Amino acid sequence: MAVAHLLLQHSVANAARNRVVPPAILLILQLLCGALGADGATSFRFTNACHNPVWVGALHGASSPPLARSGFYLAPSATSHLDAPSSGSWSGTFWARTGCAVDSATGRFSCATADCGTGDVACEGRGPAPPVSLVEVTLAAPGSGGQDFYDVSLVDGFNVPVRVAPSGGGGDCRPAACAGDVNAMCPADLRVVAASGGGVVACKSACNAYGSARYCCTGQYGTPAACGPTSYSQVFKSACPAAYSYAYDDASSTFTCSGASSYDVTFCPGS
């Protein structure tokens, strides 16, 4: 890429000194620079800062191609990578599954939180069962100059703290995170307790728990003007001010960046 850009700069300098560079050569060099600049597809780097293992889930949007893996094991302190497609825009979600094991009788794999229901580590196009902390990403097409959008969503509840942070790029490019432990302050009627009788392993959203239009922002509450925060969503917002706490919580919860080289997703970033 550096060679192509230097050639282009040299050609422009020649033109500035009245030494004309043929338009066809300039076009070839410009196309070469653009193509080389788009070669490095945005990648995702996953880090497990939790004290226990997690099983990462990945789901592509309806109009986006799947990534190389839709689920994988991530030990404590371990990292892993996934590449985004090298052309076209892409959207998808990532999450951590916890308390996973294989049933010795059936051979099926399942998780205590955020299970995707395939019976396997791979999620294969299936999303997580709530409650779940979600990382949502929409990438602009490489080389387009468009903005990426990303956020952490607790609209479907919470299971583990998570942060997504762009590397490189221009614009605001701040991390989006829910680093607080919502499970520690989860209202009693929203708690999910471990089957073994242990502590709280996840916190439902009020929509998950009650299914009412008011909590789910549907029906007569299906507009931003009609559906504001509730006492339940404010519990999530107080723990994680930069995360979505209900469907229309856009003002403080959507983040943008242009041309990021990678996105770092960290589970339990405050551990």
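Cβ from N, Cα, C; glycine included.
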Based on what TrEMBL records, which one of Cys203, Cys216 is disulphide-bonded to Cys207?
Cys216
According to TrEMBL, which candidate among Cys100, Cys123 shares a disulfide with Cys116?
Cys123
Could you list the residues of the same chain, at least six apart in sequence, whose Cβ is under 8 A from the Cβ of Cys257 (disulfide bond)?
Gln147, Asp148, Tyr150, Pro166, Gly169, Gly170, Gly171, Asp172, Cys173
From the disulfide-bonded residues Cys178, Cys203, Cys268, pick the residue whose C-alpha lies nearest to the C-alpha of Cys111 (disulfide bond).
Cys203
Cα separation, Cys207 (disulfide bond) to Cys217 (disulfide bond) (Å, whole number):
9
Taking Cα atoms as reference points, which of the disulfide-bonded residues Cys50, Cys240, Cys268 is nearest to Cys216 (disulfide bond)?
Cys240
Sort out for me which one of Cys111, Cys116, Cys178, Cys186, Cys207 has the most neighbouring CB atoms within 10 A, since those are the disulfide-bonded residues we care about.
Cys178
Which one is it: of the disulfide-bonded residues Cys50, Cys100, Cys116, Cys123, Cys268, whose Cα lies the shortest distance from the Cα of Cys178 (disulfide bond)?
Cys268
